[in-house]
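Pulled from TrEMBL:
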type	residues	note
ACT_SITE	425	active site, proton acceptor 1
ACT_SITE	425	active site, proton acceptor 2
ACT_SITE	554	active site, proton donor 2
ACT_SITE	554	active site, proton donor 1
BINDING	424, 428, 452	Zn(2+) 1 binding site
BINDING	424, 428, 452	Zn(2+) 2 binding site
DISULFID	393-411	disulfide bond
CARBOHYD	192	N-linked glycosylation site
TRANSMEM	41-60	transmembrane segment
């Protein structure tokens, strides 16, 4: 029975009852005037029972009517999925998304809030009715058609509609309340702390975020950081307590231990948490080196304001949550005298506005042979913050479930960060468009991480000097070692710095849902994880009166976050695969298209294999990409005795022709004939894989950008001596440099 048929049936039932009532009245009147008196109530009860039984028989699932004929259930359900269900589910989804858009783009509108709640309940009623009638008891494991089998497998999990109406309404109200607190939060400016909050208060976007990004005043940063958490997270703690309890009730109604387990099931991986731990352990050494480097540089700026120890105060990293460190690149830049890359200033100088940012991003996708997306940032879309109402500014892409309406919602600023975000959000739109012809059950990413990875892999190709040169936002960029390290560091401040934050949010929530972190330890555990994973500390005391997780939108808004971690790992695997195809940009686009068109119709491992040739997630591609930076960030060796023997093999090469010593490595070797020593380093070019958008990609010799590595044969037989403060540096090209105390690594 379809949802619409169910409505019709209920109407028929009411009509039947009315007819029964009329019959009962006639009988009663006849009996009253004649022989035996019959109780009106008894007659009515009997009639209602008969109607109820008849209705129950009519509602017996069509699948059960098929009897025991082999395959009959699968045939019936396939016909239903391809026909009435597709139509009804798409229409229901469309109405819900319209209501959600109406509220999200006007969060203080009570009418929009009520409309969203009503549509949420209607959608839940539809989903629950379908589940009860068709999918709950379906024997999908026995189906032969893989598409039907996979659709029913997904549909056999009901989700939060498993809650009764009262609990479901409360669940939705708690989420709405938390997002309202988040979006409406204001604080007084640092320079006017006694302000009228209604007329002079500042918002998270763009005001507070700009302070965190640009200020280098330790106390101002601390003030804004702590005030935001007081105005947002701390106020929603009671809501979150109710939300957790209701979430777990819903998960248990679906057969899961808790909501954390239900979320993890979306990834179709039996040992999901163990896989996350493995991936994090794989990339953690890269983060550790970046963190140590950042701490040292920040101490140079803030001195003893940074406490002794290995933690960085969380408010000093240029971002409200320290999830991205891009905004302190000016502090961390390894080679300040290298080519200056200031894309924001270039955009302003060239008169960029928000629509132009979207047009340029759209052109990048179409250059790969992918679908144009102009409809998603024009018309009913919102790409700039309105002046007349509050909206949830968090950038997002929307699929209205009708295969034609796709929209962006974003409070865009003209700067490089949002320029990259625009490319990312259009990646979601491209994914929507390419899988729009799949059944509605498959209109989603191969797993939740794939959707984020698509936008990220495009952004990775955009945010590099070669692409910026191609679109006129960068001039006179020289491809040399210093510029390459600067560029890689800029990437790492967004890509690598983000990794532990992406792990800890859902790691904390999994523990909360499981009850291993109890409510009286919520904030304490949050900071234990921030200490352990990010190696950050709070700038002011944190207690259980606070609720710092709620100061992040995804916690308040009930959005999984581990998908971003998966995406950050996956994007480098995709990036490497697309690089291989990048001799012709449309070939890379064709490969990407082939994977995205599948949506969720295949297990993500199959989609991954199609796109990359690999069958598991791995951090190796990321480590390979950042290998030159990893080597650059290697900690300085401990001081050693300056009197050591000279390497005999070095003596051999003194005054020998260059071709005899090509590829030979030196590490702080010296003797009386040092200036006669000739050496040459092997030169490799790193494929930055802006080549996704370029006609040619440099051929690689070995791995990405192998930075010279130390020559480690420091044995008494090998070494003779080197002078204090003297290092030999072999750089790209056929030159030998002696720049004083710089460390040489090959």
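Glycine is treated like the rest: Cβ placed from N, Cα and C.
Sequence features annotated in TrEMBL and their locations in the structure.
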residue : record                         : Cβ within 10 Å
192     : N-linked glycosylation site    : 11
393     : disulfide bond                 : 20
411     : disulfide bond                 : 19
424     : Zn(2+) 1 binding site          : 22
425     : active site, proton acceptor 1 : 27
428     : Zn(2+) 1 binding site          : 23
452     : Zn(2+) 1 binding site          : 24
554     : active site, proton donor 2    : 16
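On the backbone, the CA of residue 428 (Zn(2+) 1 binding site) and the CA of the residue listed as 'active site, proton donor 2' stand 17 Å apart. Here the CA atom of the residue listed as 'active site, proton acceptor 1' lies 13 Å from the CA atom of residue 393 (disulfide bond). For the pair the residue listed as 'active site, proton donor 2' and residue 411 (disulfide bond), the Cα-Cα distance reads 17 Å. Between the alpha carbons (Cα) of residue 424 (Zn(2+) 1 binding site) and the residue listed as 'N-linked glycosylation site' lies a span of roughly 36 Å. Among the recorded positions listed (192, 411, 425), 425 has its Cα nearest to the Cα of residue 452 (Zn(2+) 1 binding site). Those same-chain residues not listed among 424, 428, 452 yet with C-beta within 8 angstroms of the centroid of the Zn(2+) 2 site C-beta atoms are 397, 425, 427, 451, 453, 454, 455, 456, 567. For the pair formed by the residue listed as 'active site, proton acceptor 1' and residue 192 (N-linked glycosylation site), distance between Cα atoms is given as 36 Å, rounded to the nearest Å. Cα of residue 411 (disulfide bond) to Cα of the residue listed as 'N-linked glycosylation site': a span of 25 Å.
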